[in-house]
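Q: Copied straight from TrEMBL:
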TRANSMEM  39-61  transmembrane segment
TRANSMEM  67-87  transmembrane segment
TRANSMEM  108-124  transmembrane segment
TRANSMEM  144-161  transmembrane segment
TRANSMEM  166-187  transmembrane segment
TRANSMEM  199-221  transmembrane segment
TRANSMEM  241-268  transmembrane segment
TRANSMEM  288-314  transmembrane segment
TRANSMEM  326-344  transmembrane segment
TRANSMEM  350-372  transmembrane segment
TRANSMEM  384-401  transmembrane segment
TRANSMEM  413-431  transmembrane segment
Amino acid sequence: MTAVAEVTDTEAAPAALTEEYENVPVPQSARRSLASVSAVWIGFPMILTCAVFGGLVVYSLGFWKGMLAIALGNAVLMAYVGSLSYLAGKTGKNFALTAMETFGKKGYVIPSGFLATIVIGWFAFQTGLTGAILADTMQWSERWTTFAAGIGYVAITLLGIRALSVIGVIAAPLFIVLGATAIVLALRDSSLSDAVSYSGGAGLTAMSMGAAVTLVIACFIDSGTMTSDFTRWSRNGKQGFLAAFSAFPIANGIALFVGGLIVALGAATNPGTNGGNFLGTLIDQGGLLVPLAVVFVFVNLGSVCAHCLYNGAVGWGQLSGNKMRPLTLILGAVGVALAVAGIWSHFEQWLNLLGVIVPPIGIVIILDQLVLPRFWGSARAEASLRWPPFAAWAVGSAAALTSHEYAPWLSDALVGMIVGAVAFVGFSYVIRTRTMEVVK
């Protein structure tokens, strides 16, 4: 059976609008195939935004160092998102339900609400970016294009997890075909030997290796932490991990590589700002590539917008005790309004900075539910709020922000992960020791 057949299969239910299981784990009878869940993830990070970031990395570091930063960032994402996806496949729980076990029955509201809000910011940003790109390249009305795109993205999200699978199946091949086309066009005026010998062009403004790795990680750390919303549909933990593997390193790596290669070949316009955006390369050729490029923008950015809105709607649906679809309409309306108003253009730096403090959240969940139980057993006292995860999150975030400010040569994301992990193990050990002493 082909992937397309898999994702259009009515595995969960015959109805067009299937149950989304916002407040309970996905039952085994509703789980989906590996191809179907992988299709949800593979079309998410293979986007033009990642090509832009890949170009920025290579422009700063040169081809080989840039590719090393891309590889390192994807290795971290693979381990991080893969572990959380394995857990989701085992339990069938979305991010909010998973966070409840680690942060407490009331405490989980803080990390879950925080992330569910950040991804709506990304929805608004990418929706606004759709209008801005087409206004710049096609001279369309930015506000009307943004509005129309936003309405379409909300409509796709309303269809639920099945629609995310379908748009992923369309978005990923389209990116590969048009990305490859842009590379072929770039090779008319350059060569692969020129690309691999490219030493960068940022000069004194170049980012460090650590900052480049952070950029790769931060691009998808928010939705990567909320991967459970997607991979809870997997039939088991192994399939959950493999679905995430299709995204990191495969899909994300391809997008970053294409953007980096476009810059190294000298085909990017203003690579210091636009990175590896290859849309102009396609449109400049005219003919059939123009309408294809327009379709590409809507499908490509529509994929990431629908995924982010789904994350936010599932998260806030669980927090509020409501269904995903009404929350999709409410949050979608807010996001589209922010995008049309132009406020989205002020979001990027703020969202990236917030992304620096996200990694410790996932790390404490991985340690609490996957790693430490192997050594200390699975017993975990139920509580409204468990302080070790919050303390470790705070310590890890503080370390990441300190690194961001005073040690820019380091990777903020990795600093936050490592310090948060050490802190959580330490705090958990103290609690365990005290508990054992009380029992004695």
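Here, residue 1 is simply the first one shown, and the rest follow in order.
The backbone N, Cα and C atoms fix where each Cβ goes, and this holds for glycine too.
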Q: Taking 67-87, 108-124, 241-268, 350-372, 384-401 as candidates, which has the most Cβ pairs under 8 Å with the transmembrane segment (166-187)?
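A: By Cβ pairs under 8 Å, 241-268 leads among 67-87, 108-124, 241-268, 350-372, 384-401.
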Q: Could you tell me whether the transmembrane segment (241-268) and the transmembrane segment (108-124) are in contact, taking contact to mean 3+ Cβ pairs under 8 Å with a sequence separation of 6 or more?
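A: The transmembrane segment (241-268) and the transmembrane segment (108-124): touching, no.
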Q: Which listed stretch (67-87, 241-268, 288-314, 326-344, 384-401) has the most C-beta pairs under 8 A with the transmembrane segment (413-431)?
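A: The stretch I would name here is 384-401.
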Q: Residues sitting near the transmembrane segment (144-161): Cβ under 8 Å, six or more positions beyond its termini, same chain?
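A: Long-range Cβ neighbours of the transmembrane segment (144-161): 12, 16-18, 20, 32, 40, 123, 127-128, 130-132, 134-135, 167, 230, 233, 298, 301-302, 305-306, 309-310, 313, 324-325, 328-329, 332-333, 335-336, 339-340.
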Q: Does the transmembrane segment (241-268) reach the transmembrane segment (67-87) with at least 3 CB pairs under 8 A, where each pair is 6 or more residues apart?
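A: Answer yes, regions in contact.
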Q: Looking at 39-61, 67-87, 288-314, 326-344, 350-372, which one has the highest count of Cβ pairs under 8 angstroms to the transmembrane segment (384-401)?
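A: Per the Cβ under 8 Å count, 350-372.
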Q: So, taking each listed stretch (39-61, 67-87, 326-344, 350-372) in turn and counting its Cβ pairs to the transmembrane segment (288-314) that are under 8 angstroms, which one gives the highest count?
A: 39-61
Q: Near the transmembrane segment (67-87), which same-chain residues lie under 8 Å Cβ to Cβ, leaving out any that are not at least 6 residues past its ends?
A: 54, 57-58, 61, 98, 209, 212-217, 220-221, 224-225, 227-228, 230-231, 234, 237-238, 240-241, 243-245, 247-249, 252-253, 256-257, 260, 359, 362-363, 365-366, 369-370, 413-414, 417
